[in-house]
Amino acid sequence: MEGAPPGSLALRLLLFVALPASGWLTTGAPEPPPLSGAPQDGIRINVTTLKDDGDISKQQVVLNITYESGQVYVNDLPVNSGVTRISCQTLIVKNENLENLEEKEYFGIVSVRILVHEWPMTSGSSLQLIVIQEEVVEIDGKQVQQKDVTEIDILVKNRGVLRHSNYTLPLEESMLYSISRDSDILFTLPNLSKKESVSSLQTTSQYLIRNVETTVDEDVLPGKLPETPLRAEPPSSYKVMCQWMEKFRKDLCRFWSNVFPVFFQFLNIMVVGITGAAVVITILKVFFPVSEYKGILQLDKVDVIPVTAINLYPDGPEKRAENLEDKTCI
């Protein structure tokens, strides 16, 4: 797969930032106040599916993408940086008759890939551009085809939104298209919606994600029969292992980001210390030369007199033994 050309992507980022914000980015003028409220983008993604009879059905998938307090939400589900694949309930509009959309609207379960990428605009500043792209993979278990991607650009500083906009580009030219689907992060954790409670009108067939508890019971309204409780499937060991590895990777990155500056500071001190000591020793040798080393013990010259060994028994040890025997006999 080929991704978007780097030149066109850089040009879009430059135009997005430079046109409305060139004054306060370059001259230091007062920045525009953040937008009031969290930006909400209800985008419609055009997709096509294949019917059972072989005909092509055109549909629109409606996704509500919001940004609030440094977090991106897709249909109230939090999405982190990278490519995340989520399955959620959303509004789907059939496009056979665009003049009467109410009769063609229905809720379905879609599987969608969401790309969230953060571009730092300036070094040492909290100003950054958040790019969001989406690709619909399935609708109610059926594969879909998508030609265009709606890209959302949000310019933020200190978690405050300065401006946001969106535009459409071909799927083949998007960053999301160049990233393999094998590296997608599967959104499987339950109860991560920013909304604490679900509307009482929601039935078991309308839950966004499955709960890991034994059953999920619905609130029975007057005049409405309860549905069969939905029994959830426990998370598989593979998903748990993936979550552990992802947590380990984040902890390792955090540890290395903390140790890396300390290591280089220590290395800098060592290099500066050794270099400085060598320079100081060289200067001392130049200005204070030393002819001899005081640390070495030197001895005075002494005349050596040769000593000649005198043999007291010139006849040898055998003669000495005979003399001793003679003396004994006497």
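Using N, Cα and C of the backbone, Cβ positions are placed for all residues, glycine too.
For reference, Swiss-Prot has these:
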type	residues	note
CARBOHYD	N46	N-linked glycosylation site
CARBOHYD	N64	N-linked glycosylation site
CARBOHYD	N166	N-linked glycosylation site
CARBOHYD	N191	N-linked glycosylation site
SIGNAL	1-23	signal peptide
TOPO_DOM	24-268	topological domain 'Extracellular'
TOPO_DOM	290-330	topological domain 'Cytoplasmic'
TRANSMEM	269-289	transmembrane segment
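This view paints the features noted in Swiss-Prot onto the structure.
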{"residue": "N46", "record": "N-linked glycosylation site", "CB count, 10 Å": "17"}
{"residue": "N64", "record": "N-linked glycosylation site", "CB count, 10 Å": "14"}
{"residue": "N166", "record": "N-linked glycosylation site", "CB count, 10 Å": "14"}
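Here N64 (N-linked glycosylation site) is positioned 13 angstrom away from N166 (N-linked glycosylation site), judged by their C-alpha atoms. Rounded to a whole number, the distance between the Cα atoms of N64 (N-linked glycosylation site) and N46 (N-linked glycosylation site) is 15 Å. According to its DSSP assignment, N64 (N-linked glycosylation site) is in a strand.
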